[in-house]
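Please read the structure below before turning to the comments.
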Ligand code: CAA
């Protein structure tokens, strides 16, 4: 046991924290209000090498590991959860399956420009009638000569509309549920591909979430990712790591809310002394900090396991489950510490509370995380 981050991880944390404070935090409230994604911030993240943290340099990455990546997501989310999930979807949901299952040519063509920040990635699994039951998807792909033709639609796509590359799953053999699904790499300019409705959301409002539509969309055969019929497995394996990215986002949101609550509690006086000196508030802060620390340790452990090449699916589901619930609990308590002021837009804690809710829903609801964990315990 060695409970200390390496100097490299600490340096990366400091770099991302400074960047987040200087470049991301000042406009976070305004972007939330306006539901505005900021490409300038994304480009600056590229300049810092944040868009390909775990990938080797030959694919445009910085050759670091998954622990460094979750630290970056955490620090960004500490000031702006939308920026955190932009990085998480780009890296975990689009970059990871390309890195693991892409051919050399696909990695050079798609992963490298993504890691360099020249292109943005997204992932499309959910459909209007298949959310938790991901295997029930209806988007289909039929082979016609040297290309596939896709029809259907996907919803709730993080980075939808701003992404250049979408990793999408479609049924290639309707007679076989899980083994009849294939993964495809879709470019935004493919004929028959379009971006549909943009969602108006409770939280993470400066991260665009859209529908994507396939109408007789022609996809070259060489854009099949992995093997034919391997799509469901690729989708699930991608989510194994993606869920830990969401756990990191949740830890960041919770830490940001705690930072704000501690600062306010030290300054706000009632009954002749700071509210931080009153047990009703100080015990709340202690519980918030304790839960965040436990969530962070679960998240770092899952990232470390993945970096070491060890199994991490169960741990990743656990980190997302615990960190998501922690983010919701901690941000709700942070609003409580601020009292009436916390309920207004004059302080950031209401935004943290709205942003926290999605961490209990996307990349598998908390109920699905329990299903994944319990199946692994009993199989
Ligand atoms: N790794 C590798 N293989 C896996 C796997 C994993 N983690 N999970 C399942 N599989 C394999 C199984 O081994 C099985 O293969 P065999 O048939 O060869 O044995 C096959 O996949 C089917 O597995 P299950 O029987 O477990 O499948 P299921 O239909 O019962 O579903 C589930 C399992 C866990 C409920 C799955 O459907 C699931 O994760 N649902 C939630 C979906 C989800 O998280 N959606 C979020 C989308 S992303 C998002 O939120 C948007 C965004 O942009 C952020």
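Any Cβ shown, glycine's included, is placed from N, Cα and C.
What TrEMBL says about this one:
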- 6-118: domain 'Acyl-CoA dehydrogenase/oxidase N-terminal' (DOMAIN)
- 122-217: domain 'Acyl-CoA oxidase/dehydrogenase middle' (DOMAIN)
- 229-376: domain 'Acyl-CoA dehydrogenase/oxidase C-terminal' (DOMAIN)
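For the domain 'Acyl-CoA dehydrogenase/oxidase N-terminal' (6-118), the number of residues in each DSSP class (helix H, G, I; strand E, B; coil) is 88 helix, 0 strand, 25 coil. The domain 'Acyl-CoA dehydrogenase/oxidase C-terminal' (229-376) scores a mean pLDDT of 98 in the predicted structure.
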